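Copied from Swiss-Prot, the annotated features are:
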- 22-42: transmembrane segment (TRANSMEM)
- 75-95: transmembrane segment (TRANSMEM)
- 110-130: transmembrane segment (TRANSMEM)
- 138-158: transmembrane segment (TRANSMEM)
- 167-187: transmembrane segment (TRANSMEM)
- 405-434: region 'Disordered' (REGION)
- 416-431: compositional bias 'Low complexity' (COMPBIAS)
- 484-503: region 'Disordered' (REGION)
- 518-550: region 'Disordered' (REGION)
- 523-533: compositional bias 'Basic and acidic residues' (COMPBIAS)
- 578-602: region 'Disordered' (REGION)
- 707-745: region 'Disordered' (REGION)
- 949-1162: domain 'FtsK' (DOMAIN)
- Gly969, Ser970, Gly971, Lys972, Ser973, Val974: ATP binding site (BINDING)
- 1286-1305: region 'Disordered' (REGION)
Amino acid sequence: MSQEYTEDKEVTLKKLSNGRRLLEAVLIVVTILAAYLMVALVSFNPSDPSWSQTAWHEPIHNLGGSIGAWMADTLFSTFGVLAYAIPPIMVIFCWTAFRQRDASEYLDYFALSLRLIGTLALILTSCGLAALNIDDLYYFASGGVIGSLFSNAMLPWFNGVGATLTLLCIWVVGLTLFTGWSWLVIAEKIGAAVLGSLTFITNRSRREERYDDEDSYHDDDHADGRDITGQEKGVVSNKGVVSNNAVVGAGVAASSALAHGDDDVLFSAPSVTDSIVEHGSVVATGTETTDTKATDTNDEYDPLLSPLRATDYSVQDATSSPIADVAVEPVLNHDAAAIYGTTPVMTNTATPPLYSFELPEESLPIQTHAAPTERPEPKLGAWDMSPTPVSHSPFDFSAIQRPVGQLESRQPGSNQSGSHQIHSAQSSHISVGNTPYMNPGLDAQIDGLSTTSLTNKPVLASGTVAAATAAAAFMPAFTATSDSSSQIKQGIGPELPRPNPVRIPTRRELASFGIKLPSQRMAEQELRERDGDETQNPQMAASSYGTEITSDEDAALQQAILRKAFADQQSERYALSTLAEQSSITERSPAAEMPTTPSQVSDLEDEQALQEAELRQAFAAQQQHRYGATGDTDNAVDNIRSVDTSTAFTFSPIADLVDDSPREPLFTLSPYVDETDVDEPVQLEGKEESLLQDYPEQVPTYQPPVQQAHLGQSAPTQPSHTQSTYGQSTYGQSTYGQSTPAPVSQPVVTSASAISTSVTPTSIASLNTAPVSAAPVAPSPQPPAFSQPTAAMDSLIHPFLMRNDQPLQKPTTPLPTLDLLSSPPAEEEPVDMFALEQTARLVEARLGDYRVKAEVVGISPGPVITRFELDLAPGVKASRISNLSRDLARSLSAIAVRVVEVIPGKPYVGLELPNKHRQTVYLREVLDCAKFRENPSPLAIVLGKDIAGQPVVADLAKMPHLLVAGTTGSGKSVGVNAMILSILYKATPDDVRFIMIDPKMLELSVYEGIPHLLTGVVTDMKDAANALRWCVGEMERRYKLMSALGVRNLAGYNERVAQAEAMGRPIPDPFWKPSDSMDISPPMLVKLPYIVVMVDEFADLMMTVGKKVEELIARLAQKARAAGIHLVLATQRPSVDVITGLIKANIPTRIAFTVSSKIDSRTILDQGGAESLLGMGDMLYMAPNSSIPVRVHGAFVRDQEVHAVVNDWKARGRPQYIDSILSGGEEGEGGGLGLDSDEELDPLFDQAVNFVLEKRRASISGVQRQFRIGYNRAARIIEQMEAQQIVSTPGHNGNREVLAPPPHE
């Protein structure tokens, strides 16, 4: 038994391909890995070292070792209990991949994407279901991390049951997407398994009987299969016979097909051959020679290069019958098989047959010789050199056309043999036209259509005769061209029979003479109606064509005579010369104006007649006005162009479209009129229609006819009161056609829209009626509404360069409202504490990298930065972290990191990091805080918000002076504007006054005109020195008044004055002198406002004026606080030569924006930190009596807000300037640089002046060495020289120039 099995099943080793080897190797490795994972999962022990267990001091219990413990722990952590299912799934996938070794299916990416989606859904939902419904395994979640995530996300939305149902639904969908199984099939399989198991348990199966039944069923099926296979093979063989028979003939193919399926539609469809046989078109007998030649020739042709087979060109001699005797050429079908006398029969009989043109038997002609046998492939080379006729479509009708030479040499009575005629017709070209138009002037006895001259001739094949008959029925006898081109333009007009050759005029020429011709469409319709009669009796049809069209010609000639009479009447009536008419006729383009339908011809002729009549009227009026009598019109009727009949049969379609007659030059109207040609009128040429159509629509609709002179002659002008439409719509009145000649400098066409407007026949007629005036076109004056004043045209003043001094509406509120400022966003961005916690851990890690042990104990988020409070380990210095600021910024990927070594009230070190999303601090929200509203000081200013988001409000009266420094773009100017607006929102002009010094003329100039100013914004540095000198004098005056009243500051002074006014006894000025003014009584003391001196660019002021300003500022900084004068100095360059030690010592309050280096930061703050700011309003504010700067984020103010507040204050009142501020008067101590006016000169002054004038150098050290005096005395002498204009002020380098001339001069 085994021997027989071994012999039947020979075991052979089959080599695998390279890809199959690699696949099986991978599958083996994956299977082993699955087994290893299963062992590791089953033997998992929580005490083994793993991803979640770092400390380990015991032996490994897992059978897979440490690697197995790690992998099992990772799988349990990720998937939970479902980790046990991963190894079996891997084995199942390997087995599936192994079984599909021979499957080479097309990779469906859509199905693959669905499987991936199903896999993802199964994994996620399975983990979620396990997490919801299974207890935890060891210390892992039952669903792993994935299940815990899904369960925690779904439980707030659904309860436990709802989440379970939702996940089950998604699991079911995922299973369908992954496996592609329908749940109906799954249910059936489950039911079958259940029933099968129950049947097996109850032992009710009948396996023996069922197996016997199945064997009998299989035997029957095999028997039926053999029969069915035999039948199918028979059908196939029969189909092969059908295909072969179809090559030989269509009749045998039809019989073979009907033998197996009489009711099959595909086999019962009639073929082309059947259609021809049914209509009487049979294949002729006696053509065996031709058939033999065709068969032999076609054997050499490759059937792969053509859809036709070689046997398709054989003649079917089974169906032949005699046919009529008219010899013509055949018509080609799509396969070009009709030329060779056959009808192609396709191999597939289900293909519908092509259209065939059947004619009755009595109209079928006979050809004298057989058709030539050729290849059906397309012809190469010159198409006009081919000796065979060419056809384009089975729907086209072929017509034989004899050469012109034969037509002209033939006599009407001559008769040639039929074979010669057919041979000549074959050697010529066939003109194939889409419209079979019969020549009405052709005689029926011409041999081309004779049916009696070709009798008793041999017959042709059936397909050739059928096609030839269809062509002979509509064949014209001669061509309209004298060359050999096949593109013949037929059916254009009636070709009348004449005894001698004449040139037949075109339809356009006849229409110009008034002869209305029947259109080509009407002729085609008549031909279609007579199609049936024509095919039955061609000879009668030809005669009937001649008779009917002759009657149409009579009607056309009669209508032409009427039109000629009407034209003569019009010519005699208006005395128009025929020369203009002939020129108008010859100049018209026949291609553009050729009518296609009778309605179009009629409309066009009526329009032309109307235009010609109007032109005749205008021309007659001109001639009558010029000569006083009508011209000679005797020859107007007879001078009509005669028709040349010398070339009757030599015209072509190109000759109809091209007119070689001499033309007159086309007159074009120039858009500009030269001054030399102003008096020359315009002469109408023969092309009035094209000229007037090209003329723009500015021409008036109608004017009375005026005389028209020839070029070169001056014509008298007539005044025209008619206004043009263009002139009325544009300028209000028109000067077109006026009698006053003037040179024209503007073109006639003034706009493109005037040319592109639509032209209707009415407008064309109206344009034709309007003659062109001989007077030049003068430019129309513009109306005053569109003109501008001459002063505005000539002036260079621009609205943007003018101050808006218009009176504004006075506000009703005592102070500006906050509505003038931009509102902050309603919703604030929440603080992400989770991200801040992660950043805190990252900070600790980065500090640990630099061996600095610290712990983040507090986080203070702000609008721009966040402060992390670090608790350093014992023994760690804060300077170590300060030195690591740049390294921390790099490791934390931050722009800058600032270390705060001391936080007031806390034992921690601050680390300030910028936020990822920076917020904007709006001025309105800071001004709207309670801290600013409740501050009673009129000099309260807002700076912004601190790192905790709390508003920072300062009092300028307590500072008492402020020094601001920052580079370009740091927000320094915005901060200064915020300070000024804060004071404008807090104080009135009676409380605070400003002196603004703006060397750049940009930042503070916007405040020009507010009532708070004591003087205009100072932009000249000399005026700035005078303003500061006035401040010093005002300070001294206020100190005298306060000392007289016994008060300590300006607030006490104003209170004392207010009390006196309340008592009704105002205080007189104790220092008034009668010589000070013309008043009899001394003035009363009034309330004194605070004075704030704003200097925007202090460095430029120091460079321009020098030491003098430094001394003045130093004096103001030392003494001006009690007098109510406060300085705000802003600079971009906080260097030591600008902010000297004298100024820094007297200005304790400073604000540092972003600076460029630590040196500048130490210059302004006496410590570092300003170089690491973020810019855009980020500042360090050093409050008075404090050495620790506070980080503040400045309030943002837009220019629109500044202008709004300034305009609000401008509407409340005008400023009251004090002229003596900039005049440099000697009031108080401000006269001579702080010197008293009655101070005596130094005894050495004259000698020092002589010394300076001789040496031409003025220096304090030189005077000191020369006269051996102290530095202070020498400096005072030099200052006295400067006061008397002997020497100049010191320059930026401290040198002075000697202004007085030398002594010898």
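Placement of Cβ uses the backbone N, Cα and C atoms for every residue, glycine included.
The DSSP secondary structure for Val974 (ATP binding site) is helix. Most Cβ pairs under 8 Å with the transmembrane segment (110-130) belong to 167-187, among the candidate stretches 22-42, 75-95, 167-187. Within 10 Å of the C-beta of Lys972 (ATP binding site) there are 26 other C-beta atoms, taking all protein chains into account. Neighbours of Val974 (ATP binding site), defined as other CB atoms within 10 A of its CB across all chains, total 21. Same-chain residues lying 6 or more positions outside the transmembrane segment (22-42) and placing a CB less than 8 Å from one of its CB atoms are 16, 62-64, 68-69, 71-72, 75-76, 83-84, 86-88, 90-91, 93-94, 97-98. A simple Cβ count within 10 Å picks out one of the binding-site residues Ser970, Ser973 as the most packed, and that one is Ser970.
Taking the mean position of the Cβ atoms of Gly969, Ser970, Gly971, Lys972, Ser973, Val974 as the ATP site, the remaining same-chain residues with a Cβ inside 8 Å of that point are Gly966, Thr968, Gly975, Phe1153, Gly1175, Met1176, Gly1177, Gly1194.
DSSP states for the region 'Disordered' (1286-1305), grouped as helix (H, G, I), strand (E, B) and coil, give 0 helix, 3 strand, 17 coil.
Put plainly, the binding-site residues Gly969, Gly971 were compared by Cβ crowding within 10 Å, and the winner is Gly971.
Confidence for the domain 'FtsK' (949-1162), expressed as mean pLDDT, is 90.
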